[in-house]
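Below is one structure, written out as structure tokens; the observations come after it.
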């Protein structure tokens, strides 16, 4: 029903405003030759998306090294990761009104400047508090860019290319995540390599800062301020010579007139069909984050080490390989969306995400059940008394100490961890001797167990990203831009975006704590169960909403 409804909508239907006409992904239109200036603007502004992706991706590899250098606790690890999200959420609330008042270009310029400052602070951070401040500064830049860049791209793009060009921002985000993972791998064996990982974000920020000096203001914003002559000059530079610029300006004015008729939350909630649409949009944004995508991006290297990959550099490179699935899956979504339709692609993506999380949970469960035995139980410590590695590492204050190779363990015991060494050593016993550990004579496993099927977890992680990225990645944003009538779009979009940021913050702030309380397989099972509920509810509600709009607008 979703594909039929959306495919037959007339451009005059108020369900889609003039600002979103032709913005569906995959739309093909005969286009005239565009001047090089428009491609320059698209590339330059999309760097903001690249910076967004780079920051979300680089923290995964960098934090493995940072936590050891700064002796971070789990709480500090979560705080440093999540501070950026909290700052971005607050900055996004400011960026919207700021871009309306001062223009899109100044906000993008400010985002670049803030990104640059944050990268320098993070790269030079002497201790964890300064690093936290740097993460907050970068979060402000992300919040500004996440609001201003998509709007600017949409407003400078020709209407027939608007959908595909706006998707460029999402491609740059996922591309930034892949590049950051590769950079993390390159510097993973360099002394204080995390400083280079975090500090290199300043280079594209500097490039965008310099380029912003040559960026024109959005013609739509200029028209909203009555500066039609300036808007015409901008359009003359970024449109074909024979384009009907006068008509385009009139269309913009009509769209701006419609925007002045926006109504508030009370009117939205008093309308039953819009209320149902808002529920679908909110659920989509909620389950996008509850499914754990940003947690996977922030903690992918940590998840891989939990599966039993002890070499930090290898874990970071494997994280880079799995992150590439997210990038390639974005292109898969562009190819599938008009062939399967929004609803089918979203529900199929949810199903694949749920099954891949179940595979990861099953892998961690198998590792727990089949974990190596403890040959010398620690009778001196009641808290660390355990008969297997799984039981031992499930206790936050204990670790599994063993001699020999992972596939041929000679002797083992369960010992209390030394928090001052970020749980890399034990307080007593064989694994309290750093010389034995560095020489490889003993190994101390804090939050993992030797497991020969660790590759299953990595496979589940890769499948998860490949299933998530085509559907649940872009579709919540795409569907939210299409299912509201013009008078309610601004209010509903702001509500659903806030839900997305809030859920992102809560999930990233609690992931490591949940893996301690519920164990790794318990956390993955809960995520899989929640997604299964989301699949059912989104499917039911989306049918009601689409059926209503198709009936109401006689589609």
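Backbone N, Cα and C define each Cβ position, glycine as well.
TrEMBL does not curate its annotations; it predicts them automatically.
Taken from TrEMBL, the feature transmembrane segment applies to 34-54, 74-95, 107-126, 132-153, 165-187, 193-215, 315-337, 349-369, 453-472. TrEMBL lists 41-555 with the feature domain 'Major facilitator superfamily (MFS) profile'.
Long-range neighbours of the transmembrane segment (193-215) within the same chain, counting only residues 6 or more positions beyond its ends whose Cβ lies under 8 Å from a Cβ of the stretch, are 41, 44-45, 47-48, 50-51, 54-55, 58, 61-63, 65-66, 69, 105, 108-109, 112-113, 115-116, 118-120, 122-125, 134, 138, 141, 180, 183-184, 187.
Ranked by Cβ pairs under 8 Å to the transmembrane segment (132-153), the stretches 34-54, 165-187, 315-337, 349-369, 453-472 are led by 34-54. Averaged across the domain 'Major facilitator superfamily (MFS) profile' (41-555), pLDDT for the predicted model comes to 81.
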